[in-house]
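Enquirer: Following this message is one structure expressed as C-alpha cells.
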Amino acid sequence: MVKICCIGAGYVGGPTMAIIALKCPAVEVVVVDISVARITAWNSEQLPIYEPGLDDVVKECRGRNLFFSTDVERHVAEADIIFVSVNTPTKTRGLGAGKAADLTYWESAARMIADVAKSDKIVVEKSTVPVKTAEAIEKILTHNSKGINFQILSNPEFLAEGTAIQDLLKPDRVLIGGRETPEGRAAVEALKAVYAQWVPVERIITTNLWSAELSKLAANAFLAQRISSVNAISALCEATGADVTEVAYAVGRDSRIGPKFLNASVGFGGSCFQKDILNLVYICECNGLPEVATYWKQVIKINDYQKSRFVNRVVSSMFNTVSGKKVAVLGFAFKKDTGDTRETPAIDVCKGLLGDKAAISIYDPQVTEDQIQRDLTMNKFDWDHPIHLQPMSPTAVKQVSVVWDAYEATRGAHAVCVLTEWDEFRALDFQRIYNQMQKPAFIFDGRNVLDADLLRRIGFIVYSIGKALDPWLKDMPAVA
Ligand code: NAD
Ligand code: UDX
C-alpha cells in the first residue's frame, strides 16, 4: 500500500487529501499538523473549515484510509510520498518584508523530514512558493540525507475556496513539475499514477520544476488581473453612465477573452491573490526586472483603490460623514460559501468606515464574532501566521457589533453595505429592512447581487459598483 502523508491540515491540505483518499482506496493518507485544535476538529463532527461537500467526503474516508494526526514525525517517517501544504505567508519583517514569501514553515517542515526519514521519499511542494524553492529544499534535504534519496516535485494547487471539492474532482488540469533526470521522471510518474485514478491523463501536465512553480504564481496573477481590469472599468462606468455588467458581458463574449472572472466587485480578497502577486513582484525585482514588477504591482494598487473608492462613496453619499451612524455590513467572508476571511475586502472597508467613526453591525452566515474582531484588530499580513494558535485579541473594537441575522444588523441603520455575495442576501425582505432603517436609507451593493430597481421602488438610495449613479449620489461631492 502506498503511504501518503500531508504536512499542513489547512484549506488545501485537508480537502486535497480527502479527495485523494476518496479516489484511491488503496492508498493510506495521513494529514498531520502542529495545531492540536485543527487536528481535533478534523477528527470531530465540526470540521475546521466550511466547504460545501467536504463533510460527506471526510465522513466516507475518515478511519478507512484517511487519518488526521498530530504525530507529525511518525507519519512522515512512514510515508512514501510527502505533500507539504503549510502556509507560505508574506514576510512581515526583515529583507523583503511586505512582499517576499516567508518560508519559515516550509523550511522547518523540510528539516524535520530530513531528520526523521529512514527511507527514500518523494517530497511534493503543494504550498505556493517562490520559483526555485525546490532547489533550496533539495539543498536542505540532501545535506542532511544520510544516504536517503529525496525527489522534489512541484504540484501546485489550483482549487478555489467554496468550490474546492468540485475543483478537486474535476480539475482543469493537474500540474506536476520534476527534475529532468531518470529519478525525477520516475517520481513524476509515481505522483501522476495517484491523480490518474480519477483525472483524465490528458489533463495531467508535466513540466520542469521551475515552470510548475512559476505557473502557479502566474495563474493567480492573471486571474487577479482580470478582476482589477474590470474594476478599473467599473470606475469609468460610474463616471460615464455605462453599465459594467453590460460592458463585461460584451467583452467576455469574445471567445479569446471568455466570460469568467469578470464580475466587478468591491475588490478581490482571499489568502492567495495579493500574497502571490507580491511574491511575484519581489521575484521580478530580485531578478532585475523592475518594469515587470511595476506592471503586476498595479493589479494590487487598483484593488486597494477599489476598496477605498467604495468607502469614499459610502461616506460622501451620506453627507460626508458616517460618524455615529449605524452601518450594517452584510457579509464578511472574502467570497460566498466559505467562512474564510483572509484578506477579505470587508476588513479594509470596515476599517475605513471605523476611521470615520461609524458604528458597524456585521452579519455573515459563516464567520464568528471572534474571527471578525481578530481581523479588525490585526496588523496587515499577520493573519497568515498560524493565528489559530494565537489567543483571541484582548481589545475588541467597541464600535463593532456582530449579529446572527441580517434584519438585526439593519435595524435602525442609516446604510447597508453588501460585501459578500451570499445567495441568502438576494432573498431578504427589503421592504421590511427599509421600514426599520433611518431615512434616507442607503444601500451600497459591493457585489452587484441585489435588484437595484426594486430597491429604488421601495425608496432606497442605491449604489451598485460600475452602474449609472442615482441622482442623489451624482449630486454629492466627487469621490477621490
Ligand atoms: P492554512 O493556513 O489553512 O494551513 C496551513 C497549515 O499548515 C496550518 O494548519 C499550520 O498549522 C500548518 N503548519 C505550518 N507549519 C507546519 C509544520 N512545520 N508542521 C506541520 N504543520 C504545519 O493554509 P492553506 O490555505 O491551506 O494554504 C497552504 C498553502 O497552499 C499556501 O502556500 C497557499 O498559498 C497555498 N494555496 C492555498 C489555496 C487556498 O485556497 N487557500 C489555494 C491554492 C494554494
Ligand atoms: C484563487 C484562485 O481562483 C485559485 O485557482 C487558487 O488556487 C487560489 O486563489 P480563491 O481565492 O479561493 O481562489 O477564490 P476566487 O474564486 O479566485 O476569488 C478570489 C477573490 O476574487 C474573491 O474575493 C472573489 O469575490 C473575487 N472575485 C472573483 C471578483 O471580485 N470577481 C470575479 O469575477 C471573481
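Heads up, residue numbers simply count up from 1 along the chain you see.
A Cβ is built for glycine as well, from the same backbone N, Cα and C atoms used for every other residue.
What TrEMBL says about a protein is an automatic prediction, not a curated fact.
Taken from TrEMBL, the feature active site, nucleophile covers CYS272. What TrEMBL records for 8-13, ASP33, ARG38, 86-90, 127-128, GLU161, 272-275, ARG342 is NAD(+) binding site. According to TrEMBL, the domain 'UDP-glucose/GDP-mannose dehydrogenase C-terminal' annotation covers 328-452.
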Enquirer: Would you report the average pLDDT that the model assigns to the domain 'UDP-glucose/GDP-mannose dehydrogenase C-terminal' (328-452)?
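Expert: Reported value for the domain 'UDP-glucose/GDP-mannose dehydrogenase C-terminal' (328-452) is a mean pLDDT of 91.
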Enquirer: With DSSP as the yardstick, break the domain 'UDP-glucose/GDP-mannose dehydrogenase C-terminal' (328-452) down into helix, strand and coil residue counts.
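Expert: Grouping H, G, I as helix and E, B as strand yields 43 helix, 19 strand, 63 coil.
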Enquirer: Between ASN87 (NAD(+) binding site) and the residue listed as 'active site, nucleophile', how many Å separate their Cα atoms?
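Expert: Pair distance, Cα basis, whole Å: 10 Å.
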Enquirer: Listed binding-site residues: GLY8, TYR11, ASP33, ASN87, THR90, GLN274. Which have a CB under 6 angstroms from an atom of ligand 2?
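Expert: Among the binding-site residues listed, not one has its Cβ under 6 Å from ligand 2.
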Enquirer: Which recorded positions out of GLY8, ASP33, CYS272, GLN274 lie by ligand 1, going by a Cβ under 6 Å?
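Expert: Result: GLY8, ASP33, CYS272.
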Enquirer: Counting every protein chain present, what is the number of Cβ atoms, excluding its own, within 10 Å of the Cβ of ASP33 (NAD(+) binding site)?
Expert: 25
Enquirer: Please work out the number of neighbouring Cβ atoms within 10 Å of the Cβ of GLY8 (NAD(+) binding site), leaving out its own Cβ.
Expert: 28
